[in-house]
Amino acid sequence: MSIMPDHWIRQMATGHGMIEPFVETQKRDGVISYGLSSYGYDARVADEFKIFTNVDSAVVDPKAFSPASFVDRKGPVCIIPPNSFALAHTVEYFRIPRNVLVICLGKSTYARCGIIVNVTPLEPEWEGQVTIEISNTTPLPARIYAGEGICQFLFLRGDSDCETSYADKAGKYMGQRGVSLPRM
């Protein structure tokens, strides 16, 4: 596998709709950076958030997940309580080629503040807005800025196409828009 450079990402985004909307240059002035970088793409977080709450003394069960475990927030800023967790999604919609696997890393600006981002790999032929898991590991409230960078995606191209893609498996998160909660 090879990591793909900026010119390949640009070509795939503008010519094949791999990333929409696509920001062709990295935006940095007064914001947490987003857009095309040398070997990746810094995605923006949208203005919709689901923040974990324990109002009903719920237990988190991935096989029987209750949406009541979250409080919905929409706006330009999200405050994640200390030692808590939120779900969000990217502004961008991704369409991953059959011979590409995409991995995600958090932004150093947030990581240096104790805010950790997790996203599972984007599999070949998956498409949708990416649901982002954001953990505030600090004992203080943490501010997340909608419309600004939240994570960086790295595109790894295989030497050949995979035998079975996410689309072939009819994956349960195919075509998702907005925040997707766990599904069985």
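Each residue, glycine too, has its Cβ placed from N, Cα and C.
Listed in Swiss-Prot for this protein:
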ACT_SITE  GLU133  active site, proton donor/acceptor
BINDING   LYS107, SER108, THR109, TYR110, ALA111, ARG112, GLN152, TYR166, GLN176  dCTP binding site
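Overlay of Swiss-Prot feature records on the structure.
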| residue | record | CB count, 10 Å |
| --- | --- | --- |
| LYS107 | dCTP binding site | 21 |
| THR109 | dCTP binding site | 15 |
| ALA111 | dCTP binding site | 13 |
| GLU133 | active site, proton donor/acceptor | 13 |
| GLN152 | dCTP binding site | 20 |
| GLN176 | dCTP binding site | 18 |
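For GLU133 (active site, proton donor/acceptor) paired with LYS107 (dCTP binding site), the C-alpha to C-alpha distance reads 13 Å. Classification of LYS107 (dCTP binding site) by DSSP places it in coil, neither helical nor stranded. Pairwise Cα distances among LYS107, SER108, THR109, TYR110, ALA111, ARG112, GLN152, TYR166, GLN176, the recorded dCTP-binding residues, top out at 34 Å. Secondary structure at GLU133 (active site, proton donor/acceptor), as computed by DSSP, is strand.
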